[in-house]
Amino acid sequence: MLVETYDPFQHLAVSAFVAAIPILLLLLCLTVFKMQGIQAALLTLLVTFFIAGLVFHLPFGESIGSIVQGVVQGLWPIGYIIVMAVWLYKIAVASGKFAVLRGSIIGISRDQRIQLLLIGFCFNAFLEGAAGFGVPIAICAVLLVSLGFKPLQAAMLCLIANGASGAFGAIGIPVGIIDTLGLEGQVTSMDVSMMTALTLPMINFTIPFLLIWLMDSWKGIKEILPAILVTSSVYTVSQALITIFIGPELADIIPSLLTMGLLALFLKRWQPRNTFLLNGNGCESEHASLKDVIKAWSPFYLLTMFVFLWSLPAFKGLLAEGGALEFAKWAFVVPGSSIEVGVDFIGATGTAILLAAVTTVTTTKMIRMKESISLLKKVIVDFSIPIMMICAIIGIAKLMTYGGLTMALGEAVATTGAFFPFLSPILGWIGVFMTGSVVNNNTLFAPIQTTAGAIIGTNPSLLVAANTAGGVMAKLVSPQSIAIATAAVGETGNEAALTKMTLKYSFGLLVFVSVWTYILSLLF
């Protein structure tokens, strides 16, 4: 890590304040000045460039190299994964598979508390893992409204449910991005993934209970307690095992599929004595044959299979130095700098999703390759601005890391000493509330967390996991999430009402994560 100086003023408090200007500016642009995300990110990138060069004395060539590295990593693998994941989802919708898939879930039980577990929790988590970026909140909220839920109630429930899966959205990008940051102590995404098995399970286990309590109070919990226990236990345990032994990429997809499957089997033998129907009305789903249901789920079976193959050590060995596929990696040093930029064409998770998408199209009669290419073009256009924003934010993070700004901030927050682990999730909460993204939050704050961890002697991976967990709790109230949810259920203009509904649960979960992180810091 190239750092000329992290204390140019020979006064840590002043140096840290100047180092914090890029983060403060980005947050002010997004909240006070109401600038578009891309405009705020580009302005902040420009200001960071001047601060890193003029104040922290990062050489011009290294500054340019930092930005180039950030932009390339924002495009590949991050942007690549986003585009491929959303494209696969669009293919499933256009081919009619998604409608059958949706019906297969609704048809499991007429009890709408059970439907909330299946759609609001399990399917929400599945879509978060497969697509992310607001897709699960929008789709699941609309589905619940179609079943008779009140619009704002449906939006609130989906936002809260997303707290169990937001850490691993879009094939695990929020944690996977750790590998692109070059963190203090060589912290990797796998290190953080394993640590989330300690920070997240209690939240994951609690959320299904909270959802049913919000819908039907303690009476609802008592009446469908067996179903809640199946949902909470299977999802929590399976996600913990996957984050420990496989990694972040499938940490939403496999647990949600497994939970839906086992809950469906359980409900064949058990149903609540009293069928709970909102307003006394249920929503009947169209019957589909088992063959059609299996076909409908096929894009996501393929996705799971290919991503799992890509995560195997044997496959990664093919891409390592001396491996048969080593040629597929491309790297270069940015001219005028010492900073290396690399692109892994085959090993990127996006390539696994690409294969799932192409296989789906070639084996489905309802959609042709030409139509799927048109969908891909539209996805690229629709997500070009968000991806550009991610590129700019990674560029900011790289400048701050190479320029010493991150080290200055880390040294400053480390002055809180052993109390810092309690504050760690709060940093993450602030990051997601302001940027609307766990990806951007980890990009900005993970370097600060690891630097502080190294200074105070706390496991840096624990602090990054806490940063992630705290950030996920902010998704319940971040303006971006609220806007998506209200728009999806036709309640645009009622953002304040929805925020008021979710705010206390966001704060409550954040306090729990902070206390739990502090306890864990005493043990690890």
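Note: Cβ is positioned from N, Cα and C throughout, glycine not excepted.
If you look up Swiss-Prot, you'll see 12-34 (among others) marked as transmembrane segment.
For 38-60 (among others), the entry in Swiss-Prot reads transmembrane segment, with the evidence type sequence analysis.
Residues annotated as transmembrane segment in Swiss-Prot: 67-89 (among others).
Taking Cβ pairs closer than 8 Å, the transmembrane segment (127-149) reaches residues 82, 85-86, 88-89, 102, 106, 112, 115-116, 119-120, 155, 157-159, 161-162, 165-166, 168-173, 250-253, 256, 277-279, 281-283, 300, 303, 383, 386, 480-481, 484-485, 487-489 in its own chain, all 6 or more past its ends. The transmembrane segment feature in Swiss-Prot is assigned to 127-149 (among others).
According to Swiss-Prot, the transmembrane segment annotation covers 156-178 (among others).
The transmembrane segment annotation in Swiss-Prot covers 193-215 (among others) and rests on sequence analysis.
Long-range neighbours of the transmembrane segment (250-267) within the same chain, counting only residues 6 or more positions beyond its ends whose Cβ lies under 8 Å from a Cβ of the stretch, are 105, 108-109, 114, 117-118, 122-123, 125-126, 128-130, 165, 167-169, 171-172, 175, 193, 196, 226-227, 230-231, 234-235, 238-239, 242-243, 300, 303-304, 307-308, 311. If you look up Swiss-Prot, you'll see 250-267 (among others) marked as transmembrane segment, on the strength of sequence analysis.
Positions annotated as transmembrane segment by Swiss-Prot: 297-319 (among others).
The annotation transmembrane segment is assigned in Swiss-Prot to 339-361 (among others).
Same-chain residues lying 6 or more positions outside the transmembrane segment (374-396) and placing a CB less than 8 Å from one of its CB atoms are 22, 26, 37-38, 41-42, 44-45, 48, 66-67, 70-71, 73-75, 78-79, 82-83, 86-87, 90-91, 94, 133, 177, 180, 435, 437, 439-440, 443-444. Summarising the annotation, Swiss-Prot assigns transmembrane segment to 374-396 (among others).
According to Swiss-Prot, the transmembrane segment annotation covers 411-433 (among others).
Positions annotated as transmembrane segment by Swiss-Prot, on the basis of sequence analysis: 505-522 (among others). Through the fold, the transmembrane segment (505-522) approaches residues 160, 163, 198-199, 202-203, 210, 418-419, 421-426, 429, 458-459, 462-463, 466, 469-470, 473-474, 476-477 of its own chain, all at least 6 residues removed from its boundaries and within a Cβ separation under 8 Å.
In summary, the transmembrane segment (67-89) lies against the transmembrane segment (339-361): three or more C-beta pairs, each 6 or more positions apart in sequence, are under 8 Å. Below 8 A, the CB atoms of the transmembrane segment (12-34) and the transmembrane segment (411-433) form 3+ pairs separated by six or more positions in the chain.
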